[in-house]
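Undergrad: The structure's right below; bear with me while I get my questions together.
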Amino acid sequence: MNDNFKKQPHHLIYEELLQQGITLGITTRGDGLSDYPKNAFNMARYIDDRPYNITQHQLQLAEEIAFDRKNWVFPIQTHENKVACITKDDIGTNIDTLTDALHGIDAMYTYDSNVLLTMCYADCVPVYFYSTKHHFIALAHAGWRGTYTEIVKEVLKHVNFDLKDLHVVIGPSTSSSYEINDDIKNKFETLPIDSANYIETRGRDRHGIDLKKANAELLNYYGVPKENIYTTAYATSEHLELFFSYRLEKGQTGRMLAFIGQQ
C-alpha cells in the first residue's frame, strides 16, 4: 500500500516525520505475548491480559521507536471530549499500572520535548496534531461519540498559533463499513458540516459512516487547511491482519497504542 505510514516489526510509523523530530505511529496486532487473541501484541492494561505481557510489549515498542517508556503518558479514556495539557511532570502516568490520574481524558497536548502521548484504539479514530514551528503535538481519541461531540474542535481551542502552521494526521480506524442507526445519524446531522459527505444510508435504520472523513471535515471547517490534513488509507476493519477491530471481533480483542512525541 502506498501510504505515509510504514510497517515496522510491531508498529506503523509516519516515516517522513522522523527527520523533523516527530515520532508518530500506532502499534500492530501480531507477534505478541497476549492470548487476547492468541499471540496478540495487546497494549491495553484495562482488558483481561497479564500485566507482564503489556509491560513486555511496551519495552519492545520503546526499543523500536527509541522512546523510553518512562517518558510515556497514558490517560484513562471514557469516550468523551475532555482535553488535558501534559507536561514533563506527567511522564510515567498510567504506564506501569493504571491509576485515577488523567481519568476521563480523550485528548492530550504538550509543548514539551521528550514526552510521548499515548492512547489505546481498536476501531476509533486516532487524530494526531503537530507543528514543528511551534513545538506542539496533540493526540485525540475520536469514536462516534468523540466525533459527534467534536473532540477535534476541543483540541483546536488549545492551539495558540495560526492554524496554517498546524498539521493533522488521521490514523487507522474503522472504515465506512461501520454502521449507525437513525438516532445516531440524527445527532450527526446537527453538526456544522454536511453529513451527506460522510454518511451513506443503506437501509432502514442502517447508515454507513466514515468517521475519518467526518473528523477531516470538522478540522477543515474550524480552520485547518485541507492541504495540512492527511488521512491514511489503513482501516482496522479492512486490515485485520494488522489491527484489532472491537466491532468485528465482538469486543474479544486487544488494543493498539497510538503515539506521538517530539524531540
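Residue positions begin at 1 at the first shown residue.
Here the Cβ of each residue, glycine as well, is placed from N, Cα and C on the backbone.
According to Swiss-Prot:
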BINDING   HIS79, CYS124, HIS141  Zn(2+) binding site
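If you look at the structure here, what lies around each of the features I listed?
TA: Note: CYS124 (Zn(2+) binding site) has non-local neighbours HIS79, HIS141, ALA142, GLY143, GLY146, SER173, THR174, LEU211, i.e. same-chain residues 6+ apart with C-beta under 8 A of its own C-beta.
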Undergrad: Which are the residues of the chain, HIS79, CYS124, HIS141 excluded, whose CB is within 8 A of where the CB atoms of the Zn(2+) site average out, their centroid?
TA: GLN77, ASP106, MET119, TYR121, VAL125, ALA142, GLY143, ARG145, GLY146
Undergrad: Taking every protein chain in this structure into account, which of the binding-site residues HIS79, HIS141 has the most other Cβ atoms within 10 Å of its Cβ?
TA: HIS141
